[in-house]
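Novice: The structure is given below, and queries will be raised subsequently.
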Amino acid sequence: MIWLNLKELERRLANGEVTERTGFQYLLTLMIFFSIAQLLPDDSPFPEYWWDFADFLLGLVIMIFGISSTFKINSKGGKKDYLKRYLSLSFVISLRLAIFLFLVYLIYKIIMFVIPGDLYLLLDGIASENIFQLLLSTGISLLYYFLLIQSFERVNMKHSLEAGEFNAA
């Protein structure tokens, strides 16, 4: 894996010398860096730091597991186009998940607007608790990687069927 020599990396890419495994290493490293960057200090008060750190660790573990799983699934099939598959599937799944979450949030806000004041305060208090936020963040990450892994399995299965790798027994 080349870290700083852009010309050498460009040469290797142009000559087809960068393997799928190297591409996987670049993607995983980049995603780890993005996760670490989220941990940098912001305007959170100190007591919140431990919740932020727990969210970071859970997100990092889920991300490493999810990306590694997609790479292993891709390696069992055609062993090609991993980054193209990852980026394109990830985009579509992310967009669909964002739309779904927006609709859920919209329904939540409508319900919160309609319900009585005491119940509103109770539900709003629960929704703003640190543990709820942590569980929500973890759940969304798990759902995203579950959908991505399932999609990779479907693509891999279709590729294997088209290549005639499965024989009827």
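Cβ coordinates come from backbone N, Cα and C, glycine included.
According to TrEMBL, the protein has these features:
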| type | residues | note |
| --- | --- | --- |
| TRANSMEM | 21-41 | transmembrane segment |
| TRANSMEM | 53-74 | transmembrane segment |
| TRANSMEM | 86-111 | transmembrane segment |
| TRANSMEM | 131-149 | transmembrane segment |
Novice: Output the single range from 53-74, 86-111, 131-149 maximising the number of Cβ pairs under 8 Å to the transmembrane segment (21-41).
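Specialist: Comparing 53-74, 86-111, 131-149: 53-74 has the most Cβ pairs near the transmembrane segment (21-41).
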Novice: Going along the chain, which residues at least six beyond the ends of the transmembrane segment (131-149) come within the CB cut-off of under 8 Å?
Specialist: 51, 54-55, 58-59, 62-63, 65-66, 69-70, 73, 86, 89-90, 93-94, 97, 101
